[in-house]
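*Asks:* Below you'll find the structure I mean.
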Ligand code: HAM
């Protein structure tokens with residue numbers, strides 16, 4: 001017997017019942033970003049593996065164990081993108097978009113791939129909307145990124161459910177000095193920390209700070225603090241950001257353990273977290289990466305950005321019952337035609353209505369059928385009204401206008417008056 005065909009674990013179909021909510025979400029974000037002057041960029045889903053190794057960092061979970069990497073027919077090592085920043089920087093460099101200090105405010109949207117252990121809110125193919133800004137080095141732009149997400153949470157009705165966590169990782173020199181102090185401290189407590197942290201101590205010591213291991217966490221209580229090693233420049237930058245968030249009335253929590261799982265960050269890092277989704281509570285995360293462009297072969301170019309996880313935000317909208325009712329209805333009007341002549345007239349009538357009533361969502365019955373079966377389909381479509389066209393209506397040049405959701409009685413409406421009628425009762429609905 002042949003094996004049933006199935007999607008790959010952790011890679012989900014987004015079914016027609018769910019796509020209206022996705023489109024609402026994506027449309028809301030796109031509209032918001034238009035309002036702040038961000039422009040969309042679209043990068044390929046596959047890049048050379050080296051791009052991710054060089055940017056995200058060789059000793060990160062993503063590069064060490066989560067990438068979908070394969071050899072193509074030329075023998076090149078390619079990887080399905082695990083995130084968008086690396087590819088965005090590559091595209092910006094390749095097309096000279098950041099040359100001469102040009103400011104770029106970009107956004108992208110699409111699938112990302114990480115071979116993680118799937119669970120609620122964590123998938124192997126997931127979707128992000130990301131923003132990246134180049135050539136602005138002040139805290140004002142860090143603040144703008146946060147302000148615009150704050151506005152988004154309000155638009156979506158989820159503001160009360162998310163908290164902003166902030167930290168500063170300092171410049172790479174400051175981080176280097178801190179790393180040394182941390183390694184010295186943890187080496188002195190080596191027998192008290194877990195095995196994974198012992199390994200990280202050698203490869204990527206700052207990641208020990210976000211360990212989930214309780215004993216290691218207990219040891220870390222007395223560890224040197226990154227904040228005490230911050231250089232003046234980063235400190236002033238961080239104070240500048242906090243002052244702007246205070247002015248904008250945006251609450252935040254300083255989380256000294258926030259180090260992020262990608263190596264390219266410096267100075268500001270932040271995460272929007274919720275306690276409504278269980279273990280996978282980070283819905284949006286990012287920070288500044290002032291060294292990345294240079295590290296990738298470009299001129300020194302400050303950069304800052306973030307990405308939000310669409311699946312997690314959709315889950316949050318559903319959990320908080322913040323799904324607007326209006327998006328559930330995908331059809332306004334269903335046209336039923338009985339007999340061949342009525343079908344022909346219905347076809348042209350429907351096209352005329354689509355010309356005359358912008359935004360109208362009109363479904364025409366296909367596959368003929370009895371009164372009963374067409375009404376059943378009309379009802380199932382979710383439409384508010386059915387238009388009925390049979391021989392009698394045809395002779396009188398009218399349609400039967402039948403409310404399907406209990407908004408009044410059926411009535412006949414002349415073809416010539418139909419567009420105006422639909423415009424008032426459907427489109428402005
Ligand atoms: P990230 O923290 O790896 O950062 O991912 C950003 C967001 O993507 C997460 O907060 C989460 O909402 C979502 N996400 C990540 N992994 C998964 C997964 N397996 N399943 C579902 N959702 C997930 C980045 O990717 C950086 N490129 C962000 C950035 C842009 N920093 C600067 N610019």
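Note: Cβ is positioned from N, Cα and C throughout, glycine not excepted.
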*Asks:* In TrEMBL, 83, 84, 85, 128, 132, 260, 264, 265 are given as binding L-histidine, so which of 114, 151, 244 is in that site too?
*Replies:* 114
*Asks:* So what's the mean pLDDT when you look at the domain 'Aminoacyl-transfer RNA synthetases class-II family profile' (1-358)?
*Replies:* 95
*Asks:* Just checking, which of 85, 128 (binding-site residues) has the fewest C-beta atoms within 10 Å of its C-beta?
*Replies:* 128
*Asks:* Compile a sequence-ordered list of residues in the same chain as residue 265 (L-histidine binding site), six or more apart from it, whose Cβ lies below 8 A from its Cβ; state 'none' when nothing qualifies.
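*Replies:* Once residues fewer than 6 apart are set aside, residue 265 (L-histidine binding site) is near 169, 287, 288, 289.
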*Asks:* Long-range neighbours only, meaning 6 or more apart in sequence with Cβ under 8 Å: which ones does residue 260 (L-histidine binding site) have?
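*Replies:* Listed in sequence order, they are 169, 269, 271, 285, 287.
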*Asks:* Taking only the residues the record lists as binding L-histidine, namely 83, 84, 85, 114, 128, 132, 260, 264, 265, what is the largest Cα to Cα distance between any two of them, in Å to the nearest whole number?
*Replies:* 21
